[in-house]
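Just below is one structure, and these are the notes that go with it.
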Ligand code: ADP
Ligand code: MG
């Protein structure tokens, strides 16, 4: 049999290939692979949501600069984010860990303290899990369950041409936070006596180490009687999420560089210290855990005064492609990779 390297397919290609193994024995199962969470029918009014995310040491976090309490908080928050991306509310989670004897009981309790704080904040019941040993560092897996009113459920694939494309908060900060921490780690390794002063970078570092899920936005949309036509959380960078939303919905998109919300600190540090265009951080950086959603023009009117909901463009006909209009007026095709030509300032 032919051996295919995973790198040939990439993460999304592999998931696409695994889709054929999806099984379907229950009519109440409404959505399997392909969205932020799986969906099933509880009754006519309510749908159940289920999602899981795994964090592996050395891949998703570096314990030399990640406090375990923050890591615990993040493990819950990133899972809540996938429930939020369906316009739902999280309810219950189970947590599995694989660890080596490098960790003390107190260290693991630190991790769980962080999870507890997140569970308080997002009203999640932590109700079980599994524990095993690991020979390759700490692995944390959270599976989370939630609920959404059936008339408010928001998939990725239901956006329409002429919808307004919105994002929440600001983007690119976690990526800059990561660059700072990686830089300071190298400085520290070269000279362990020197303690870095990270206060000038507090916001971007917090965005990396202790992200929040935008459950407040789900609440806000409900209050204003707005249901997005499609939604996804921004975990892999805006470019990748726009492509997911547009490909799955069968639309194109035009977004404006000048509209992409970027925090002042992110902007300044990106340019002055890393010589990276801030737009690159927002488009291709990851781990912001903000939301990207599409609104009908009528619904957009109801939220347009909200300070944390920012229109960045609109959806176009599928044949028109997905483009970013730069500040200079050029049209750049949005691609998950291949932004190198854009990297120079
Ligand atoms: P997210 O970034 O929102 O967590 P992912 O990109 O991890 O989403 O996953 C996209 C979709 O693929 C989801 O519906 C998820 O359930 C599914 N998926 C990911 N990995 C696997 C896997 N190993 N087996 C089956 N489905 C998977
Ligand atoms: Mg997601």
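Even glycines carry a Cβ here, placed using N, Cα and C.
Where the annotation comes from TrEMBL, it is an automatic prediction and has not been curated.
Among 82, 170, 288, 299, the residue that TrEMBL places alongside 36, 233 at the Mg(2+) 3 binding site is 82.
Shown in sequence order, 34, 35, 36, 230, 231, 232, 244, 245, 248, 249 are the residues of the chain, 6+ apart in sequence, with a C-beta less than 8 angstroms from the C-beta of residue 156 (ATP binding site). Inclusion criterion for the binding-site residues 60, 82, 129, 235, 236: a C-alpha placed within 10 angstroms of the C-alpha of residue 53 (Mg(2+) 1 binding site); this criterion is met by 82. Reported as a whole number, the C-alpha separation between residue 129 (ATP binding site) and residue 51 (Mg(2+) 4 binding site) equals 14 Å. Shown are the binding-site residues 51, 52, 235; of these, the residue with the fewest other Cβ atoms within 10 Å is 52.
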